[in-house]
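*Asks:* I grabbed these lines from TrEMBL:
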{"type": "DOMAIN", "residues": "1-379", "note": "domain 'Major facilitator superfamily (MFS) profile'"}
{"type": "TRANSMEM", "residues": "29-50", "note": "transmembrane segment"}
{"type": "TRANSMEM", "residues": "57-76", "note": "transmembrane segment"}
{"type": "TRANSMEM", "residues": "82-107", "note": "transmembrane segment"}
{"type": "TRANSMEM", "residues": "119-142", "note": "transmembrane segment"}
{"type": "TRANSMEM", "residues": "148-169", "note": "transmembrane segment"}
{"type": "TRANSMEM", "residues": "201-218", "note": "transmembrane segment"}
{"type": "TRANSMEM", "residues": "238-259", "note": "transmembrane segment"}
{"type": "TRANSMEM", "residues": "266-285", "note": "transmembrane segment"}
{"type": "TRANSMEM", "residues": "291-313", "note": "transmembrane segment"}
{"type": "TRANSMEM", "residues": "325-347", "note": "transmembrane segment"}
{"type": "TRANSMEM", "residues": "353-379", "note": "transmembrane segment"}
Amino acid sequence: MFLSSAFKGVFQVYFNDLALSFERGRSDFGFVGGVFLLVSGLASPMVGALSDRFGPIWTVLIGSVLGGGAFLLLGLLPHQYWLFVILYGLLAAFSLAAMTFVPMGILVDRLFDQRNKSFAYALITNGTAIGFIVLSPFWLWLQAHFEWQQVFFVVGLLFLGPLALLFWLGARVPLPAKESVGHIQEKRVGTWPVVLRDPGFYVLAFGFFGCGASMAFIDVHLVPLWRDAGVSRASMGMSLSLFGVLEMISGLAAGWLALRFSQHRLLAAFYVLRCLAMSLLLAPSGIVTTYVFAAVFGASYLGTVILTSAICLDRYGGAVKGQVFGMLFLVHQIGAFGSAQLGAYGYDRLGSYQATVMVLAMLTAIAGISSLFLSSVAFRRTQSEFN
């Protein structure tokens, strides 16, 4: 989770440089970022099925090899825009899906008992937070000293070489046995008809759509927005590190709180916090506003993912959780694609990101309200249909 954040981090920092290098507009590379996020979502159900079938660590290994190869080629091959779309938007996107939330959720389900799953998932997914703390300032420093081709090449070597070897060794260590094939097959009969009849699935999906949309705006457009506002490189680095610190704290807090309080109310609270963060981007830019935004958005970042994963497990059971959470993550990434495109299109047409930010604030507010309609009674009723 920590190192896989490089796949998005280097693109975010080199966003303007890539547009200039390829002689393209901001909307063209907003499209690349949107395709990347959409494909990583489309890949999530496949990644969930691969993890259920072959194991999560083998899936991570596949992601490392494919992502490393994509970045290596991007650093070596000539500047061809559509080649960049294919290698980054398709291949690296699949790699990110294969190395992050879905397989890690399945790994946690295999390794930990029911009571400790949420907290364990929070610990593992905090790798992304550490990536913000450590790697984001590092990428900003590299951007001032090295061309994007050099950085992409080295990142590719790292994932294709030592990390792939490490994951291969890890994949050879046997995991605890999962449920018997016969039992899993029995529970999978009628899975999707049951899921699609459950109103709670649509509540989770709508909330995750808003989650993905707001995350993608930050992943693709936050650094350009700050640069347009005149935020210094040092302030951006400090803000991204603060973002990561609060992301890490909130991830652990979400896992701890999920053991003690109503999960759907906690999910609603995290969406309201996300709405507040997006609203702060509408305020006049300044160093205080920048730091406050980073803290509030960071505090909301992982809580929505951890709680959605926990609710999904409680609601549908471990045998099909990989597929259902993969489908929810697809919806998450559809929101991400739309947000990346809307931000780029809105900037090119209006000269600012304000309209996009207002839409995202509204989406996350509605997600917070709708999450309150999830109930533990519905969890038990739906779970009984699977058993």
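Heads up, the Cβ atoms here are built off N, Cα and C, so glycines get one too.
Curation does not apply to TrEMBL; its annotations are automatic.
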*Asks:* What stretch of 57-76, 148-169, 238-259, 325-347 shows the most Cβ pairs under 8 Å to the transmembrane segment (201-218)?
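*Replies:* Of the candidates 57-76, 148-169, 238-259, 325-347, 325-347 scores highest.
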*Asks:* Please give the sequence-distant neighbours of the transmembrane segment (266-285): residues at least 6 beyond its ends with Cβ less than 8 Å from one of its Cβ atoms.
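*Replies:* Tertiary neighbours of the transmembrane segment (266-285) are 207, 210-211, 214, 225-226, 229-231, 250, 254, 257-258, 292-293, 296-297, 299-300, 303-304, 307-308, 311, 353-354, 357-358, 360-361, 364-365, 367-369, 371-372, 374.
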*Asks:* In the same chain, which residue numbers or ranges, 6 or more beyond the ends of the transmembrane segment (291-313), come under 8 angstroms Cβ to Cβ?
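*Replies:* Residues 101, 105, 109, 117-118, 121-122, 125-126, 128-129, 132, 204, 207-208, 211, 215, 218, 235, 238-240, 242-247, 249-251, 253-255, 258, 263-264, 266-267, 270-271, 273-274, 276-278, 280-281, 321, 324-325, 328, 374, 379.
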*Asks:* Is the number of Cβ-Cβ pairs under 8 Å between the transmembrane segment (148-169) and the transmembrane segment (29-50) three or more, considering only pairs separated by 6 or more positions?
*Replies:* no
*Asks:* Averaged across the domain 'Major facilitator superfamily (MFS) profile' (1-379), what pLDDT does the model get? Just tell me the whole number, please.
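*Replies:* It averages 83.
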*Asks:* Against which stretches of its own chain does the transmembrane segment (238-259) lie, if we need a Cβ under 8 Å and a gap of at least six residues from its ends?
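*Replies:* Contacts with the transmembrane segment (238-259): 115, 118-123, 125-126, 128-134, 136-137, 140, 226, 231, 266, 270, 290-291, 293-303, 306-307, 310.
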*Asks:* I'm a bit unsure how to read this: which one of 29-50, 57-76, 82-107, 353-379 has the highest number of Cβ pairs shorter than 8 Å with the transmembrane segment (325-347)?
*Replies:* 29-50
